[in-house]
Amino acid sequence: MLKIENVKRLGSEQLETLFVENGYIKGWNLNDTAEQTLDGRGGTVIPALIELHAHLREPGQTEKEDLASGLAAAAAGGYGTVVSMPNTSPVVDDPSIVRALIEKADGLGLARLRPAAALTKGQSGKELAELALLKDAGAVMFTDDGRTNEDARMLRLGLEYAHSLGLMVSVHAEDATLRADGVMNEGPVSEALGLPGNPAAAEAARVARDIEIAAFTGARLHVQHLSTARALDLVREAKKRGVPVTCEVCPHHLTLTDEALRSFDALYKVAPPLRTQADADALLAGLLDGTVDCLSTDHAPHTRAEKERDLLEAPFGIAYIELAFPLMVTRFADTLGVERIVNLMTSAPARLMGWDEPNLTEGAPADFTVVDLDTERVVDPSTFKSKAKHTPWAGETLRGWPTLTVVGGRVAFERA
Amino acid sequence: MNARPRHLLDFDDYTPERLGAILDNADVMRAVLDRPVKKVPALQGLTVCTAFFENSTRTRTSFELAARRMSADVLSFAAGSSSVSKGESLRDTIETLTAYKVDAFIVRHHASGAAHLVAKYSGKPVINAGDGRRAHPTQALLDAYTIRRELGSLEGKNVTIIGDVRHSRVARSNAQLLPMLGANVTLCGPATLLPRDLAHLPGVKLTTNAQDAVTGADAVMALRLQGERMNGGYLGSLQEYIREYQVNDALLARASDDAIVLHPGPMNRDVEISSAAADGPRSRILQQVENGQAIRMSVLYHLLVGRA
């Protein structure tokens, strides 16, 4: 038995004690003894966060991240479950890789790993992967993320097949030919900086196409990391028509704009790119009106040397799974409310995946995190568990930091 | 006047007064170049590194001569023959060169913003000798200087830049600099090579009609059309481009009577500019080259004397 003293439930100021046994929540404020007692230090207990979109880089690119560092980073960020993207080397398109990843992650005792598998073999977009076998091996979602689904017919077939298995297909919705060699949002800033632009239309055009495919197949389509106002409008209209489409946005698209590229710092080079303030405002409105289904980070670690290259050569991606929750709380508690933010990072992704919605009542799995909603801390990348110890928010003061993450009744992270 | 900027990366940190002082100083440098002994001791004891990550003979020669005429030592680094071709990062290369006790960098790179990174990693004054599509500030300064010398002033002058604006750092730098000095800039080219978003720059107009663009112009600058634009699908054919956008006598007939013709070089003769226009009485293309050395001496003086 484990008990956590001095914790609050969300929305309450009352200090309580939470009891955990055999990986499940035993109850609150019980008159029971425990082998281990932890001090929650007045923090608020929320269900452990669920990440639907993280790059953990294993196998093959472990100099950027591996399961141990990535899942430790996730736990430090308050996450109990992580869906990893399959664009590794080799690609996760084989049941044996899925099994190996799950087995290794299970032994780590950090955040839970739920691998996504490739929709097509080698993510080549040419041949469906063995979706049924991948599902049996433990894959929870199919995606060719990292690549775009250029062949519309293959996407159609993949959606139909995955739907028959009850699993979701998520898409990196960008027309690669329209994106061309763009390294940042196309607009006045890219032209002033002389950098090749990626137009908002590259996303909108692809979202429009994919919505039509979802509409006529009836299969569930999930649009990843939506970044533009126009694409969001397309999702909004599609939902009104009853098309089975959902979408996620990432905190970096809510909090940064293409103006950040004026620094020429490749930390800000992401795909899809940072857009304009109008786009960021539209995404926030989409969160408020429910068009956006959930938040994800697209945690995409790279080595420091790679991110210190020039903007044409540096790879795309920001790694910040450890900051996502405090970033959202600090910037958006006033507009969205903490409860909504928690929902967008816990129940909402669980619903999308068809998983049981997390809760903190007796008998529920003991996956929870204690967050300190009040104390401000300065972002210090040297303390990151992730191998990527560089971030656009270094030196910023945030609140809402996770202090304790419990996964399956085991302590996966405790902040000193 | 505001504090002297540490670098010349673009014109973001510069005031019109500061830019005017650099142009004025170039007059002094030109006088040096007309002397029998074309050398002054201004940068004696300083080492200037030309770090060229992209090939360039003309700009590099111009900078190195400018530095030598000011008595600086010159360390010449070419990425093609160096460890960069073995995969060394920009940061490592620059930190190594900085360890040689270089006092300033002159940087050319294929990526926009690379000069900013060199400034960040070296901590030394950096002159941008062309980064990607972004900026080529000394080229714009020498263009401005040439126009001012030939026409007496930049104030109210109409400068038309025709060609592949999309990929041109020369066009971007001129579109930033010339309006700061009082000139009006018209950028012209086929729509595929003329990004709409450049219309956001102050004092800059865009048009795809070369005849309109040149009408009443006081200076007409042709930009180099690179062969690979054809493969990129930007143009229907070279012949069509020549018909619509070549700077030639027929087009120049629409310009003001004393209009001058400029080209940043190297030229594709009879593509973006006719030989007749390039060699004709309006052409100031060779004067640009000469003025370039004076401008680069002036910039080096401005950034380094009494500082490094």
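Every residue, even glycine, has its Cβ placed from backbone N, Cα and C.
Curation plays no part in TrEMBL annotations; they are all automatic predictions.
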Listed co-binder of carbamoyl phosphate (same site as B:ARG58, B:THR59, B:HIS136, B:GLN139, B:GLY265, B:PRO266, source TrEMBL) among B:ARG30, B:ARG91, B:ARG108, B:ARG166: B:ARG108
Structural state of B:ARG58 (carbamoyl phosphate binding site), classified by DSSP into three states: helix
Binding-site residues satisfying Cβ distance under 8 Å to any chain A Cβ, from B:ARG108, B:HIS136, B:GLN139, B:ARG169, B:ARG224, B:PRO266: B:ARG169
Alpha-carbon distance [B:ARG169 (L-aspartate binding site); B:GLY265 (carbamoyl phosphate binding site)] in Å: 13
Closest of B:ARG58, B:ARG108, B:HIS136, B:GLN139 to B:ARG169 (L-aspartate binding site), Cα positions, binding-site residues only: B:HIS136
Largest separation between Cα atoms (Å) of residues that the record links to carbamoyl phosphate, namely B:ARG58, B:THR59, B:ARG108, B:HIS136, B:GLN139, B:GLY265, B:PRO266: 16
Collapsed DSSP category at B:ARG224 (L-aspartate binding site): coil
